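A short write-up of the structure that comes next.
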Amino acid sequence: MTASVEILHSEYNLSFQPGDYCLHARLSEFLETKATQVKEKKWVINLGAHAIIVRDQLTKIFQNLLAVKDIVTTAANASLPASLACAGIMACFTTIIQAAEQHSHLLQGLTSISELICRLHVMERLYLHSGTKQDISLLDNLRKTMISFYSKILEFQARALCYLHRPRASQFWRDVLNRDGWTNLLQEFEKYQDTIGRTTCVIADAGSRQRHEELQKKYQKILEALRDRDTWTTTSDRDKQVKRFLNLLYTCPYKDRKDRNTKRVPGTCEWFIGHNKFHAWQGSSGDDLSGLLWVSADPGCGKSVLTRYLVDEVLLSNDKRTVCYFFFKDDFADQKSATSALSVILRQLFIAQPHLLHDAILDKVDTDGDQLTQSFSELWNILMSVSTNPKADEIICLIDALDECQDEDRNRLINAVNDFYSGPHNNSKLKFLFTSRPYEHIRRGLSDLITALPTIHLSGDGEREAELISHEINLVISERVHDISRQRSLMNEECEMLIDKLTGVSNRTYLWVSLILDVLENTPEFSKGKVHRILSDLPTTVDSAYEKILGRSTDKAKAKTLLQIITAAMRPLSLDELSLALALRVGYQDSTDIADNMEPIYRFRRTLRDLCGLFVIILDDKVYLLHQTAKEFLVQDSNSTPNRALSQPTT
C-alpha cells in the first residue's frame, strides 16, 4: 500500500496528507484528465510494431468509466475510499495502456472494480446514508463489510500499481510464481459481493416489512378513524332520536306537579308504611296480583301527600329499582289523560334505564311522530315490552288520584291493568300502586281482580288503624297550632285550647284541618274572645269550611267572577291572565280602560287572596284551586251553598 501511494505521488503528483481539504478537488481534476486521455486513446494499444488487442475487456472498462465519470466525481467528493478507488483505476489503466504485457486476471479485476465503484457508492447512499429507520445491527454489519471490501479494492489497486511499475522480467517471474495473487483477490471480491448482496436483501426485506407494518398501522388508523366517524355518526343520530323521543314524552312538568302537594308532617304516614299489605306489595315480584296495590281514601285524607312521601322518601330509585310516578289533576288538561300519564312514566323509565330504549322503539318515533304519544295502545305496549326485558330492573309505577283521570282514559287504563294481571305476564318487573277515592265505578272496573287485589283504605279498615290515622292528624294540628303561636305570640293556654277544640272534632281529615287552621291563621283580630267565637262556630265539614271562607270575602261579586273564571279555564291561568280576564269580565272594552283597571301583579296577588281567601293557591305565578273538593263545591247547582254564600252581603 505504501508503494502504491508513492507511485501516485511520484507519477501523478497526488499526495495524501491528513487534513488535506483540497484532496477531493485534486482527485476530481485528476479523474477528468485521465478520462479524456482514455477517450482519445480509443480501443487499440500500439507497442512498437505490435498492436495488442484488448478491445473486449478495455471496451468494457472504458464504457464503465465514461458512463460513470460524473458519478465517480461525485463519489470522490462524498467518500474518501471511493475517491481513492477511482484514482487507482485511472492510474492503473493508463499504466496498462503503456505496458507491453497485461495479465488477463489483472484486467478482469480492474473491470470488476470499475463496475463496483458506482454500485458500492449507490449502496452506501441507499442503505447507510438514507436516513431511514432500519435495524442497527444489520446496518453495522453492512458498514463493516463495505469497509473491508473497499480495503480489498485498494489492496488490489496497490498491488497492480506496484506490479506495473516493476521491470518486465520481474513481472514475468511474479506471474509465473503467482506472487501477486490476482485470482485469490478476485475470489475475495466475489465473496464480499455475495455478503453485501445478502445483507442488503435482508435490509430491504426488513425495510419492506417495516414499511408494510407502517402502512398497516396507517391503514388501521384510517379504518379506526372511519369506524369512529361512523360510530359517532350513528351515535349522534341515535342520540338525536333519543332526545326527540324524550321530548315527545315530556307531556307535562310532572316533577313540579308532584311538588305542588305539601310535604308530610314528620310522624305522619307512618301507619301506612308499617301496614302489612304495603310490606307484602313491596316484597312482591311483580308478576302476580301482589304486585298491584290500590290505596283508597275519602277527599282530603292525604292521598297525594302520601304519594309524594313514597316517591321522595320511601321508594327511592336505585341501581335495582326505578320509581316512576304521575299525579292526575282535574284542573290540568295535560294532567288528566292516560296517555300523558304513560308518556311521563316511560320518560322517567328510559332516563333511569336507557338500555331499555331499543332501536325498535325509536323507529316508531320516526314512523309515528307526535302521534305516538297520543296512542294509549302503543304506549302501553312499549311499557309491557320493556317490563319483561331480562335486563330490566324493578319498575314501580305510582299513580295518584286515578279518580281525577278523565272517564274514557281511566276506563282504558283500568282495563289494561286488568288484562295485564289476568293474563300471562311471567318475568315482568312491573308493579303498580294506585290511589283514588273509593268510587264505585273504579271498584267495578277492578271487579275481576277485586277478590285478590290488596287494598288499603286510608280512613282505616279497623279500630286500630283508625286510631293511628287520628293520632297522625293530631300531629298535624299540633304542629300547625305551634306555628300560629309563634307568628301571633299566643299564650300556652290559648294553644292548648285550640288543640283541644280541633282534636275533639270527629271525622276530621287532613284537608279539613288545613282549611280551619288557615282561617285561624288569617284572622285579623286574634284575641281570646275572637278565638272563642271562631271555635264556637267551627265548621265540622269541608263544605262548611269552604262556605265560611267564601263568606269572609271582601267583595263577593268579584270573588264569584274570579272563581268562575278559574273553574271554567281549560288550564291554570297566570296572575296576568286572570287579571286581564277579570277586567274583560267586568265590562271594559277599550285597551286603555283595560290597562288602567289592571292591577300590578304584586298588588293583584294580595287582592286575589282577600277576595277568594284559601280557595286558591298561587304557585309560580299560576293560580290553582286549593283542592279538587273546592272545584266540586263551586260547581254545585244554583241553589247550592256556595251560590248562597256568594249572594249574601259582606258583614
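Every residue, even glycine, has its Cβ placed from backbone N, Cα and C.
According to TrEMBL, the feature domain 'NWD NACHT-NTPase N-terminal' maps to 32-194.
Model confidence over the domain 'Nephrocystin 3-like N-terminal' (267-437) stands at 88, taken as the mean pLDDT rounded to a whole number. The feature domain 'Nephrocystin 3-like N-terminal' is assigned by TrEMBL to 267-437.
Under the heading domain 'DUF7069', TrEMBL lists 469-522. Here the domain 'DUF7069' (469-522) is broken down by DSSP into helix, strand and coil counts: 44 helix, 0 strand, 10 coil.
Per TrEMBL, the feature domain 'GPI inositol-deacylase winged helix' maps to 548-639.
Broken down by DSSP into helix, strand and coil, the domain 'GPI inositol-deacylase winged helix' (548-639) contains 57 helix, 10 strand, 25 coil.
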